[in-house]
Amino acid sequence: TLPKQKAQRHEAVKWVLVFAIGVCTGLVGLFVDFFVRLFTQLKFRVVQSSVEECTEKGCLALSLLELLGFNLTFVFLASLLVLIQPVAAGSGIPEIKCYLNGVKVPGVVRLRTVVCKAMGVLFSVAGGLFVGKEGPMIHSGAVVGAGLPQFQSISLRKIQFNFPYFRSDRDKRDFVSAGAAAGVAAAFGAPIGGTLFSLEEGSSFWNQGLTWKVLFCSMAATFTLNFFRSGIQFGSWGSFQLPGLLNFGEFKARFSACSESDKKCHLWTAVDLGFFILMGIVGGLLGATFNCLNKRLAKYRMRNVHPKPKLVRVLESLLVSLTTTVVVFVASMVLGECRQMSSTSHSGNDTLSLQGMSEDVNSSIKTFFCPNETYNDMATLFFNPQESAILQLFHQDGTFSPVTLSLFFLLYFLLSCWTYGISVPSGLFVPSLLCGAAFGRLVANLLKSYIGLDHIYSGTFALIGAAAFLGGVVRMTISLTVILIESTNEITYGLPIMITLMVAKWTGDFFNKGIYDIHVNLRGVPLLEWETEVEMDKLRASDIMEPNLTYVYPHTRIQSLVSILRTTVHHAFPVVTENRGNEREFMKGNQLISNNIKFKKSSILTRAGEQRKRSQSMKSYPSSELRNMCDEHIATEEPPEKEDLLQQMLERRYTPYPNLYPDQSPSEEWTMEERFRPLTFHGLILRSQLVTLLVRGVCYSESQSSASQPRLSYAEMSEDYPRYPDIHDLDLTLLNPRMIVDVTPYMNPSPFAVSPNTHVSQVFNLFRTMGLRHLPVVNAVGEIVGIITRHNLTHEFLQARLRQHYQTI
């Protein structure tokens with residue numbers, strides 16, 4: 001059968017696209033990694049040789065100027081790229097979180113964004129700022145996921161394939177979540193962690209088939225990156241040696257130094273768990289402090305930097321770069337201590353990778369101003385790429401002095417907090433890991449030297465410190481645990497990492513939210529949480545719905561449609577017919593009754609007043625324009641007094657759309673009774689559909705029947721996806737305003753709907769799990785009494801309504 005074949009083809013195309021998204025995300029990661037490595041090596045080679053020369057000649061100021069020259073140039077380029085596409089600033093995780101939650105952030109998944117993001121992060125990391133390239137990888141993957149299946153781009157208008165699949169928001173969101181997961185997988189070499197990240201942080205709407213595709217996409221990204229990096233760096237194509245951009249190295253390396261008979265070689269013991277829990281608490285406190293400082297900085301930037309000319313943002317980035325460079329240089333030269341190098345002799349049966357790792361750690365040691373066989377511990381941390389510094393803290397057997405570690409942690413904490421939020425593409429994972437690793441190493445040093453616990457392994461404490469601090473800042477649990485286990489390649493660390501992250505999250509949550517949620521809130525995005533609070537169940541759907549509706553009739557005149565579209569910003573409109581038969585029982589005493597739902601007249605008035613205030617700014621209904629000048633009004637027959645409601649409903653069922661040409665659209669001058677007239681609900685129609693119908697001239701004249709109206713196929717209706725024309729840009733002079741549009745073939749006749757008495761928690765779960773944008777509230781006799789949108793379910797709105805509820809009790 002054709003439909004079955006079509007469905008199979010659709011599914012096959014989906015799998016191919018998911019694979020392509022994974023491969024492309026891996027290639028973006030490869031591009032960023034290759035150039036970051038190239039620029040960083042070039043910079044450090046030039047500056048290091050200059051430092052070594054100038055140590056003897058006493059011209060260190062020149063070396064500092066050289067370093068400043070490199071860093072300021074790179075950061076300037078990164079800032080310029082953000083000026084071209086402002087959405088490319090920051091890590092992009094808050095934006096992707098919003099997108100997957102169902103909020104459209106303008107320009108967040110454009111091709112131009114991914115180009116500026118990838119190029120920009122490459123320059124900001126090479127420019128020595130305390131930022132990572134991992135967060136932006138997630139954003140880049142998400143953009144690849146959104147763009148590839150569309151086979152078209154605004155930036156490259158020439159590229160247009162006739163590709164009829166995946167023309168809906170839901171499909172696009174599925175691909176974006178696959179892309180975001182692929183970004184995590186490429187960044188950390190953690191495909192399962194990526195899948196869980198997409199599930200935990202991002203997607204609101206999830207199903208089993210999607211999990212499988214997302215995992216496949218993540219695997220494709222990890223192995224693409226691994227294949228090319230192994231080939232380029234080691235020349236061994238086809239051997240997969242470098243899983244992700246950030247690699248924590250082998251923690252088993254320490255066992256090579258232990259003989260088989262020595263049973264004291266453990267990565268961690270049960271006693272250490274107590275220390276890990278304490279580190280989790282401290283990590284949570286430090287993370288909460290970091291978030292609090294960063295939030296204040298972000299508010300300050302919003303007030304004082306963003307309103308000013310764009311050049312001010314570039315200057316701020318350059319100021320941060322200048323400060324960071326001077327601090328790094330001075331700290332390395334002045335504050336470092338000379339420490340003894342550890343012996344690097346290895347037993348003969350050592351594996352190649354371990355030796356490679358050990359050489360890698362020892363090759364990045366810096367010996368500035370230190371005699372032979374010693375190294376400068378501060379310079380070793382500051383004068384290396386951040387990944388090398390993390391490896392040093394995890395695997396370097398030689399010691400770092402507690403003073404050095406404390407100073408390094410303090411400087412890094414403050415500078416990375418200042419840096420996150422300036423207008424360059426910047427990730428937060430690596431700076432947090434490095435900060436935390438320094439904190440963990442410091443704890444290990446203190447325990448060894450002051451408490452005399454010799455059995456502990458510094459690398460483990462550095463890793464747990466990194467997890468505690470990162471968990472305290474971003475507050476992720478499941479995905480972060482798995483990402484860290486996959487990065488260390490050591491399942492033994494599962495329990496300590498999980499416990500530390502949970503403790504850090506609980507401690508931090510006591511004070512404030514995670515850094516990404518804070519930035520989402522600062523932007524005022526109506527993000528829906530996983531669930532509502534328990535006390536919200538005191539509210540019902542009728543308490544939070546919007547009672548003032550803008551609606552269309554099944555057969556509506558073009559002039560009416562145009563004026564409704566031009567004077568409102570709603571994305572969907574209920575399709576209704578007026579139910580005048582019930583108006584007699586409409587006013588009884590002080591109760592305004594719409595069949596089975598009762599409202600106190602006063603509360604209706606306050607709600608209508610609130611709505612009127614909101615619409616005053618844009619005068620929702622200019623009545624002169626909206627009122628139809630239609631002469632012949634087809635009146636509905638008045639049913640006799642005594643006829644019961646059921647009989648009316650049965651009669652109405654056979655005349656589904658009474659009064660096709662209403663004499664008036666809702667107008668400002670309507671009385672309360674007219675405004676809340678009973679409306680029989682027939683379906684929902686989207687703004688984009690109405691605009692498409694107008695653009696293509698789908699209508700019929702009064703003298704004809706509605707069967708003569710031209711029909712559009714689904715493919716024609718969705719041809720302009722995702723950018724439908726704007727009603728204000730259309731030239732509708734060719735359309736006769738008296739023509740009528742029959743919207744019934746295009747509306748959704750059975751959208752999800754709730755009863756006015758539904759508990760808010762049920763409304764919320766339905767809205768979130770089904771990925772809705774509009775939820776009509778329909779009473780027992782099929783009349784629409786209100787509509788619920790995302791705005792009505794935000795935490796702030798629900799809190800306000802709850803306060804109102806308590807006041808009326």
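Note that Cβ sites are derived from N, Cα and C of the backbone, with glycine treated the same way.
Per TrEMBL, these features apply:
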TRANSMEM  12-36  transmembrane segment
TRANSMEM  72-93  transmembrane segment
TRANSMEM  114-131  transmembrane segment
TRANSMEM  175-198  transmembrane segment
TRANSMEM  273-291  transmembrane segment
TRANSMEM  311-335  transmembrane segment
TRANSMEM  403-422  transmembrane segment
TRANSMEM  459-485  transmembrane segment
DOMAIN    747-808  domain 'CBS'
Taking 3+ C-beta pairs under 8 angstroms (sequence gap of 6 or more) as contact, is the transmembrane segment (403-422) in contact with the transmembrane segment (459-485)? no
For the domain 'CBS' (747-808), what are the DSSP-based totals of helix, strand and coil residues? 28 helix, 15 strand, 19 coil
Proximity verdict for the transmembrane segment (12-36) and the transmembrane segment (114-131), three or more C-beta pairs under 8 Å: yes
Given the cut-off of 8 Å on Cβ pairs that are 6 or more apart in sequence, determine whether the transmembrane segment (72-93) and the transmembrane segment (273-291) share at least 3 such pairs. no
Which bits of the chain, at least 6 residues beyond where the transmembrane segment (175-198) starts or stops, bring a Cβ under 8 A of a Cβ in it? 17-18, 21-22, 25-26, 28-29, 96, 99-100, 109, 133-134, 137-146, 148-149, 166, 210-211, 213-215, 217-222, 224-226, 242-247, 429, 476, 478-480, 482-487
Within-chain partners of the transmembrane segment (311-335) [C-beta distance under 8 Å, separation at least 6 from its ends]: 60, 63-64, 67-68, 71-72, 75-76, 78-80, 82-83, 127-130, 301, 305, 366, 368-369, 376, 378-379, 382-383, 404, 407-408, 411, 415, 418-419, 422-424
Between 0 and 100, where does the mean pLDDT of the domain 'CBS' (747-808) sit? 87
